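Report on the following structure.
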Amino acid sequence: MDTLVQYGFTDRVDGLFSSFAPTAGTLPARVIRADRGRVLLARPQGLLHLDGDGGLVTGDWVGVRDDGGSPAVVCALPRWSTLQRKRAFDPSSQAQVLGANIDLVGVVVPLDRPLSTNRLERTLVAACDSGAVPIVILTKADLSTRFDDVVAETIARVRGVEVLTTSAEAADGLEELRGRIGTGQTLALLGPSGAGKSSLINALTGEDRQDTGAVRAGDGRGRHTTTARELVPLGDGAVVMDTPGLRGFALWDAEDGLSEVFGDVEALFPDCRFRDCAHDREPGCAVHAAIGSGLLEERRWLSYRKMERELASLHRRQSVAEQRRRTTSSHRPPRDAGMGKDDRNRPADDR
Ligand SMILES: Nc1nc2c(ncn2[C@@H]2O[C@H](COP(=O)(O)OP(=O)(O)O)[C@@H](O)[C@H]2O)c(=O)[nH]1
Ligand SMILES: [Mg+2]
Ligand SMILES: [Zn+2]
């Protein structure tokens, strides 16, 4: 099987390529790693490193001109999904695209530490918003004595999202997970450092190809060993994206994802007595009635509320920035739209 098919090339990509890269002498390629201003591309004839990332991210499909001179990326194909968050350590509110053209987002939840429901919900919102199908992957099942409880609790929390239980160590649940990734599909793993993402990939490939870190005694966290988002072929055109652990997950334009994950909460709003109910202490508020009767968990409401406010304040800052740009744009050169450059100074586990 040629390199490109191993990295997920399908008829769909072929179709996009024919419409967007009609130039003769151009061949399709996929970004399998974008790091420190360089990209690693998979091409039909093998891998190729190029300097400059031009705003490309792991998972992008591109056209590469290769007609004798030095090969160069001449176009990027439209993305069918975009996994993003608000850039960490950046007050100016920019998006950071973590990956593109992902079909499944695996929200990785390790069973060797207490379940963080807020983190799970937040990551699910981003996963749902990306355009990919979310699944929850519980890892390290061999380490948990009460994993039946946690599985049940997780299933209850994620409402309809599929939950798979795995152990890389005991080789449990691997075939089931592998079976979820169809030919030409890409699964991205998202989760905290030390959650077992790289170990899971090694177990799936049967190779020791991703670096894994020993967990520090005491806090159960991993050493930060995966330093860049990277595509790994599993054979038969199934692909998995390893990611460094993300410490936080600030949302970016994720209203649709929020509505998807918190449909039960938003469904209450029309039942409030006042149409403009702020769900604080108004009489006849359906949200507070539901909390009072035990129908809605207060923690879940507060989690929703926090993300909703975060998105609203992001929009306010965006429109202020937009106005400022409009008033100054006639005097200044356009800002560099390149992404990923300032990733260089970031801790390795938070790129
Ligand atoms: N017991 C057990 N340990 C695991 C399992 N998966 C990963 N680990 C350990 O957890 C630590 C972190 O794993 P790693 O794959 O590097 O996590 P990542 O940061 O999410 O990529 C390593 O010491 C692994 O050996 C598992 O299924 N069972
Ligand atoms: Mg890793
Ligand atoms: Zn209300």
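Backbone N, Cα and C atoms are what each Cβ position is placed from, and that goes for glycine too.
As annotated by TrEMBL, domain 'CP-type G' applies to 86-249. The domain 'EngC GTPase' annotation in TrEMBL covers 100-247. According to TrEMBL, the GTP binding site annotation covers T139, K140, A141, D142, G191, P192, S193, G194, A195, G196, K197, S198, S199. If you look up TrEMBL, you'll see C272, C277, H279, C285 marked as Zn(2+) binding site. Summarising the annotation, TrEMBL assigns region 'Disordered' to 314-351. Here TrEMBL flags 333-351 as compositional bias 'Basic and acidic residues'.
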Quiz item: Nearest to C277 (Zn(2+) binding site) by Cα, among T139, G191, A195, S199 (binding-site residues)?
Solution: G191
Practice problem: Determine which residues of this chain, when C272, C277, H279, C285 are set aside, have a Cβ within 8 Å of the centroid of the Zn(2+) site's Cβ atoms, and list them as they appear in the sequence. | Solution: F269, R273, F274, A278, D280, E282, G284, A286, V287, H288
Exercise. Have a look at the binding-site residues C272, H279, C285 and say which one has the shortest Cα distance to S199 (GTP binding site).
Key: H279
Quiz item: Which binding-site residues among K197, C272, C277, C285 have CB under 6 Å of ligand 1?
Solution: K197
Exercise. Between A141 (GTP binding site) and C285 (Zn(2+) binding site), find the distance joining the two CA atoms and give it rounded to the nearest Å.
Key: 42
Practice problem: Work through the binding-site residues one by one (C272, H279, C285) and name whichever has its CA nearest to the CA of T139 (GTP binding site). | Solution: H279
Self-check item: H279 (Zn(2+) binding site): tally of other CB atoms within 10 A of its CB
Solution: 18
